[in-house]
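Participant: Questions regarding the structure given below will be posed in turn.
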């Protein structure tokens, strides 16, 4: 299982992630029927995460019909608003944010081709994760407000050790009002 | 089945969008619905509209686009082998599908009317019926080199195929392979010699180089046009040299695109390693690289994957990064010594050699007395895009943007109800994410003004969809207009045609043909 980025897989990946979503009416079994086992491996092979993560994700994925562990985290939006979100192990943070109406973008829909799902992780969690891939780092290079613990939300999968994790969304708006006007209170 | 899943998801996303919008609409002064016009249906226009939709309920948005097709450079600029970058189109589809948004394709604002467009709209007529107008029309021209020979040479033989093309716009080349109607007649010489020179060290230059050097078979499954595939399959180009005035620390492409060059089959990356190493290892260079993680990673990549010219294998194709050269002139049909024998090369690009002065972050290229020449079939210029003025809006001719403060257009003070977003606001730089952020800023300013009662509309009680529709009717655009439903039918046609070729879509490249497909499928 190489960590080589394959374009076709990148295209299938977001759709698979959608299918995997808890809100999806489709079970993993119907997914098997759609893509077949062979192509099912693609998202894992294309994952920019380590071998360990891939196997964990694959395991979470294939057994989710039986019982996947739920993990609850908190997103902190740029204005300080906090959103608690619970998702199955193996769900990526971008997908989790979208399912919970968190104000996080995802312009390329999880294909690791933009930097709009940039999230900031706690030091301890960041350190416990495998290094980001070259491709993810290439995108992080272009992210607004990059920090030492920045990741792309679409590349980080929920795992049990993330229970209670607080995820900051970068504040790209902090320099917006250069004319001295204050943003109105929503 | 997959399509059904996408539809389900899309609906969920749209309702999410509306749900998120709710929390932002509590503090409103104005009661009446606001009507906003967006000029330009590219990424900037759609992201601006998306944000307004999300943050201001009771706001209707009309998006005006010169072409029958939406999505601007996402459709006509993003490389065909970057399909994942185009995924943002599904967000644009959600916007266009909103009940509060109307798409007006095939409608030119402030253009001259032609046979496809019986009417055109002036900015003043838009401003007379909309509460707010957002200019998001991008940068439609490209910078020229302004050197002798740039426009090529027509040969006396009378055979068009033998014309020397000089320096062709890289933007036009990109538009050509992406199917932009106005670029389909572009003349290209990919046969008379095995090398193309590209001027500029940005991502567009790398896109051109990659398309020219990629095995054409691996492009066949992308949405590149069949016409472009056919031309590229007859290409004799084996070497692309991209030339910049300054050094390796001053390049403006991004790591992702450079990394792709290092991964092309049978293509070597060549650069002046001596210069690269000395620039990276100088005290100033080291200090500079320490401050910039992105540049440091890019230089490491280049150091790892490039070879010096003298070590390059003759068997492989090559992508050469060439530094410290300023274009001087293009010469035609010159003698050239190649591997010890004299040949005539179609074009000979003459450069003046530069040296660098000043710290890396602001290094200047200073001419020396030395010159060098590079033979080529043709050259592409990729030194930046330029926005053009729109009648009725102020324009900063030095910076080639619409002058603004945080997206509010200024002309001796803020112009009420006039906004700007995207490249025409900040200049033609950055990736889609940059344009998104920038569009959101403008939309936030507009929404703030709506909430504070500062948009033009408060002195303009006549702004209503019926007043707008009357104006559009009078201007003669109502009949020629392409709606979002029209576009979706055209897109359906493109996707169906693409299926025959094993591609995600086969673009229709002629405006008349687009319009007749739309009319015939109604």
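Glycine is treated like the rest: Cβ placed from N, Cα and C.
Okay, so TrEMBL annotates it like this:
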BINDING   B:44, B:65, B:73, B:109, B:423, B:430, B:431, B:432  FAD binding site
BINDING   B:201, B:202, B:203, B:204, B:245, B:246, B:257, B:430  NADP(+) binding site
DOMAIN    B:35-271  domain 'FAD/NAD(P)-binding'
Participant: Which of these binding-site residues, B:44, B:246, B:431, B:432, are close to chain A by Cβ (under 8 Å)?
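Facilitator: Answer, by Cβ distance to chain A: B:431, B:432.
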Participant: Which three-state DSSP class does residue B:202 (NADP(+) binding site) fall into?
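Facilitator: Note: residue B:202 (NADP(+) binding site) is coil by DSSP, not helix or strand.
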Participant: Going by Cα-Cα distance, pick out whichever of the binding-site residues B:203, B:204, B:245, B:246 is nearest to residue B:65 (FAD binding site).
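Facilitator: That would be B:204, nearest by Cα distance.
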Participant: Going by Cα-Cα distance, pick out whichever of the binding-site residues B:73, B:109, B:430, B:431 is nearest to residue B:245 (NADP(+) binding site).
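Facilitator: In terms of Cα distance, residue B:245 (NADP(+) binding site) lies closest to B:430.
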Participant: Could you tell me which three-state DSSP class residue B:257 (NADP(+) binding site) falls into?
Facilitator: helix
Participant: Determine the Cβ neighbour count for residue B:204 (NADP(+) binding site): the number of other Cβ atoms within 10 Å of its Cβ.
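Facilitator: For residue B:204 (NADP(+) binding site), the count of other Cβ atoms within 10 Å is 26.
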Participant: Grab the NADP(+) binding residues from the record (B:201, B:202, B:203, B:204, B:245, B:246, B:257, B:430) and give me their largest CA-CA distance in Å.
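Facilitator: Looking at B:201, B:202, B:203, B:204, B:245, B:246, B:257, B:430 as a set, their Cα atoms extend up to 20 Å apart.
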Participant: Among the binding-site residues B:44, B:109, point out the residue whose Cβ has the most other Cβ atoms within 10 Å, with all shown protein chains included in the count.
Facilitator: B:44
Participant: Just to confirm: which same-chain residues, 6+ apart in sequence, have a Cβ under 8 Å from the Cβ of residue B:246 (NADP(+) binding site)?
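Facilitator: The answer is B:201, B:323, B:324, B:354, B:356, B:363, B:364, B:365.
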Participant: Give me the count of other Cβ atoms within 10 A of the Cβ belonging to residue B:73 (FAD binding site).
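Facilitator: For residue B:73 (FAD binding site), the 10 Å Cβ neighbour count is 23.
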Participant: Tell me, roughly as an integer, the mean pLDDT over the domain 'FAD/NAD(P)-binding' (B:35-271).
Facilitator: 93
Participant: For residue B:203 (NADP(+) binding site), just count the other CB atoms lying within 10 A of its CB, please.
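Facilitator: Total other Cβ atoms inside 10 Å, all chains included: 20.
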